[in-house]
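Working notes, structure below.
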Amino acid sequence: MTSVLGMMNPNLINGRNLHKGSSIFVQDKETKKRVQWRLSIKEGSLRTHQATASSATEPKATEFNTTTYEDKMLTNYVPVYVMLQLGVITNDNVLENEESLKKQLKKLKQSQVDGVMVDVWWGIVESKGPKQYQWSAYRNLFAIVQSFGLKLQAIMSFHRCGGNIGDDVNIPIPKWVLEIGDSNPDIFYTNKSGNRNKECLSLSVDNLSLFRGRTAVEMYRDYMKSFRENMEDFISSGVIIDIEVGLGPAGELRYPSYSETQGWVFPGIGEFQCYDKYLRSDYEEEVRRIGHPEWKLPENAGEYNSVPGETEFFEYSNGTYLKEEGNFFLSWYSKKLLLHGDQILDEANKVFLGCKLKIAAKVSGIHWWYKTESHAAELTAGYYNLKNRDGYRAIAKIMRRHHAILNFTCLEMKNTEQPAKAKSGPQELVQQVLSSGWREGIEVAGENALPRFDRNGYNQIILNARPNGVNQDGKPRMFGFTYLRLSDKLLNEPNFSTFKMFLKRMHANQEYCSEPERYNHELLPLERSRNDESLEMFMEETEPFDPFPWLDETDMSIRPFESVLSLLRSTFLRKKS
């Protein structure tokens, strides 16, 4: 009798599904369906039942459509990209260490990585003056990436590098913009103490002509337009497949509420960033309009490193956030952020309209204090998310409006890895945000928030990339994953062998696929943004929903010592040859 395990592809066997003392490893209904699907694979092909034109009641011979095992598995393929170093292009707009980079890219290509991601720094390209764009160094970089057959995700980085976790270089926003800020510091985000954050421009100046006759949004638009014009060959040839639009600090759609340059230390709740004169004036006008001129911007929300329960605003049982005044402020604060993202994504959509690529925007994974009533760290960042109010649905709807991918962070994190005092819930947060995107019918991608080289971190990413494991439909499945970040430590052993094992699992144990349409990633011309729903409608749809079902652990895990054994095997074969 043929063994059940013998019928299965050995690459798919995972001990977590085997129940001791049982010859059949069924954990629940969904697991049973996956197992039955895998058992239908025999001799490299999968037979899928097809309904005939005649009625199903007629007892005629069943017709089958034969699909290859590889084709079916590719529906579960998640492409993986690697972020290049932050300073791969220097402040002087020069591509340094070109030969070293080529060696690294060659190694990445051999590992079967799908592509790379790179920050295209506003502070470098437009440093000489308004509309004086210098793209030569980036063109040189893109040509090298193309020569290795790698795809490219380009970030329109309208923020400063330096001051965020992991920043190892300092690249400010353009000097001529900073000089405008010297005479008008209210162009920058400001906390209640009056401290300015020069990491990026405040959303309050999006539509103010303060920058040599242009608004902030017009500067972002012109920059993206120049990028498209100067990189047309890389776009049309399919090298550049993704434009991530910077929308705030670290390129993320949020306020700079937890900046290390301001003294923030994890897990501080952060501070609201709406005290520049433009946002202050806007709020005062809004409260007068609704008949509450006595309402002021919060002065009782603590400081960067406060604990929620120690503040009057975030106090769990009777905090300001629970009252009418607090609710109005948080609605206004989050709405300003949504308007900001909506407007810039609309400009990006117009700039890249018709291009065969995706646009994307990143949302920060603020997981600390998630398991408290007030979600204080999320609120100060602009995500109005509570137990009875979903703060991510509106963001997902904005992405849907502009045909954009929602890119989320902290996919590698587990609750048990976080300090108890932080009340963190990265697993629940990831499930909530990804589910919000999938429920809206948009593509969702992700990143790790911190560098990881261990199988536990990788296994958590694999789980979040395919929450229900490998299955016939491949859904739900993340559109892609970008690994943070290329380094010598990643490329050294045994880390690199573990990373290659991770790539294999993300690719559903298939070889690198150069034809995206085979895993349902065909790039079509970008369509114009939808305008069938207003932002006000988005803001009203805040009812929480249960997240999609999620396995406890991935069905394609990297097992203990697996990468080490792979390394020993490859070393042995190399020496033997």
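Note that Cβ sites are derived from N, Cα and C of the backbone, with glycine treated the same way.
Annotated active site, proton donor per Swiss-Prot: Glu252, in sequence order, evidence recorded as sequence analysis. The Cβ neighbour count for Glu252 (active site, proton donor), using a 10 Å radius and every protein chain shown, is 24. DSSP assigns Glu252 (active site, proton donor) to a strand.
Sequence-distant neighbours of Glu447 (active site, proton acceptor) (same chain, six or more apart, CB under 8 Å from its CB) are Met83, Lys362, Asn407, Phe408, Thr409, Leu411, Phe481, Thr482, Tyr483, Leu484, listed in sequence order. DSSP classifies Glu447 (active site, proton acceptor) as strand under the three-state reduction. For Glu447, the entry in Swiss-Prot reads active site, proton acceptor.
As annotated by Swiss-Prot, substrate binding site applies to Asp119, His159, Asp167, Lys362, His367, Thr409, Asn448, Ala449, Arg485, with the evidence given as similarity to another entry. Cβ environment of His367 (substrate binding site): Cys410, Met413, Gln418, Ser424, Gly425, Pro426, Leu429 lie under 8 Å away, each six or more residues apart in the same chain.
For the binding-site residues Asp167, Asn448, Arg485, the ranking by surrounding Cβ atoms (within 10 Å, all protein chains) places Asn448 first. Asp119 (substrate binding site) sits 13 Å from Glu252 (active site, proton donor), taking the Cα positions as reference. Take the CB of Asp119 (substrate binding site) and look out to 10 A: across all protein chains shown you find 23 other CB atoms. When the Cα atoms are compared, Glu252 (active site, proton donor) and Arg485 (substrate binding site) turn out to be 17 Å apart.
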